[in-house]
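Chemist: In case it helps, TrEMBL gives these features for our protein:
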TRANSMEM  A:6-24  transmembrane segment
TRANSMEM  A:36-56  transmembrane segment
TRANSMEM  A:76-95  transmembrane segment
DOMAIN    A:128-418  domain 'NADH:quinone oxidoreductase/Mrp antiporter transmembrane'
TRANSMEM  A:130-150  transmembrane segment
TRANSMEM  A:162-186  transmembrane segment
TRANSMEM  A:273-294  transmembrane segment
TRANSMEM  A:301-320  transmembrane segment
TRANSMEM  A:332-352  transmembrane segment
TRANSMEM  A:372-394  transmembrane segment
TRANSMEM  A:406-428  transmembrane segment
TRANSMEM  A:449-470  transmembrane segment
């Protein structure tokens, strides 16, 4: 197979799947179930995941593969994010199969947009050319803007879509301006060339401004405070399975770009951008957690919690170079597993019309839906960071990395915030198991859990649990990803200070 | 010459953009946007990017803006209503915009010596054709972004279909 084709195999498969779904859509009579299209999209996502896995074997054998005039670089780092994104989209599609079933279903476009969105996110993670990153970012953003407004009946859906679109475009402008200034300072938009000429650039102030602009643009996309204002409104109005996807997959891709840009293109400005990252991390953790304390709506609560988690993730960036990438990647995976899981359970509990919205609506849910409530409880515990869940090791690596590099105050602020976070997660958890049970006609006859959605929720739960009791597999992959992201540092002894998860050895 | 052109059309672009914001009728805003686009085209041309200038005129002024104006006329959109809903836009927005403007001005002025000056026609000499350079870049080092833009457009079309169709 030609190298160029090989480097883009997962993206090509997903694009073709999206096009096929669109072509097959008009062939299904109006009023008929759109499920076959969903299965086609699921098959395509699965195939792209396998293609990413195949790429991993090649990367293992012969090192990073570069293609298309060095705009694309396939390495362990990009493969890790490809696998993560394809699993998130796969699980979301499985859970959405029955969500959009109705008399007049337009789910065909939904499945196609999910595939295209995933393509954009994958392009973001494997590009080493900022223009290509920008196009990937736009593909992923536009798909998610549309997906956010998919429940057209609701007023909140239109609000959600429009707000996301306006603020997202605003953020994209910052990112693009950053790229332009970067070109002005270094004469290139390729990450490798930027890294080579940034050290000797005659215009350091311009370069700093460029880095700040790129960080601001990506800060919007990962909803780090103070660029978070859109998050609660958008999450409240968007369909629950879409929120599960868009609070994890585009964020993972944006974090991947941020990691590549900061650690690969701009390592010589580390002392400068680390201050910026610290400010963002402290603000995100504090505003996110304090905001969540005041929420009664469960989706808004989880939106604020996702802002706080972006803050924890940014703490990982302050570790020493070798650890930062590994810790951040691990946190992304753990956060994706538990957050997607939580939103999928909420999808099942509240349904398409979202009869159960506030914490009061969820009171006593455990008596009616014991299994789902227990799983939601498990995901909430993981979001708190209880041991034996993925959330624990995510936070552990992020904070221990920061402490090893001397950012003790930052880690203390993070830990204090985790304490605050316990309160609102546990309040929701306690409500699930509390009395009085809401006697509501619609809630008394719960919908049956469909098998695909059940598989999706179970997969998220297993992933959260697996990351919590044997994190070493994923940690090994992300630690291998580090040298490729840090070519400038591969000469330095890549001794990692991340402890390789002692509990695994003990449980064996 | 270069400086004079830049000052005239740069100012025109900024004034057009401000007018776009302050006008209350959509048609006036759309027409102001055309002024911005045309001024930008002149700036590109003065920097030696004739191809980009021509593309700017054809694509933005010729195609996109005409469509804008058509849509506004078809919808018969009237004067917008002021809601006074968002105080925070004034409290945070105006100082924020001013701060970004000052920061950019400061950086460009402090790097003035290194950035140097340019004359009319930019850095390209007559030996190098602008179009050759652009097409060479577009079909070698930037081939993939150029091709993948088609997916972006496809997603945009799909989005328009989803947003425009009847109730779910």
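Each Cβ is built from the backbone N, Cα and C atoms, and glycine gets one as well.
TrEMBL does not curate its annotations; it predicts them automatically.
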Chemist: Within the same chain, where does the transmembrane segment (A:162-186) have neighbours whose Cβ lies under 8 angstroms from its own Cβ atoms, ignoring anything closer than 6 residues to its ends? I mean 6 or more beyond.
Modeler: 130-131, 134, 137-138, 141, 144-145, 148-149, 193-194, 197-198, 201, 203-204, 206-207, 209-221, 227, 229-230, 233-234, 238
Chemist: Any chance you could find the range in A:6-24, A:273-294, A:449-470 with the most Cβ pairs under 8 Å to the transmembrane segment (A:332-352)?
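Modeler: Ranking A:6-24, A:273-294, A:449-470 by Cβ pairs under 8 Å to the transmembrane segment (A:332-352) puts A:449-470 first.
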Chemist: Check the transmembrane segment (A:449-470) against the transmembrane segment (A:76-95) for contact, please; criterion is three or more CB pairs under 8 Å, pairs 6 or more apart in sequence.
Modeler: yes
Chemist: Using Cβ atoms and a strict cutoff of less than 8 Å, what residues sit near the transmembrane segment (A:6-24) while being 6 or more residues removed from its termini?
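Modeler: That would be 36-37, 40-41, 43-45, 47-49, 51-52, 54-55, 58, 65-68, 72-74, 82, 86, 108-109, 111-113, 115-116, 118-119, 122-123, 126.
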Chemist: Which of A:36-56, A:130-150, A:301-320, A:372-394, A:406-428 shares the most C-beta pairs under 8 angstroms with the transmembrane segment (A:273-294)?
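Modeler: Top-ranked stretch among A:36-56, A:130-150, A:301-320, A:372-394, A:406-428: A:301-320.
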Chemist: Test the contact criterion for the transmembrane segment (A:406-428) and the transmembrane segment (A:301-320): 3 or more CB pairs under 8 Å, pairs 6 or more apart in sequence, then answer yes or no.
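Modeler: Yes, the transmembrane segment (A:406-428) contacts the transmembrane segment (A:301-320).
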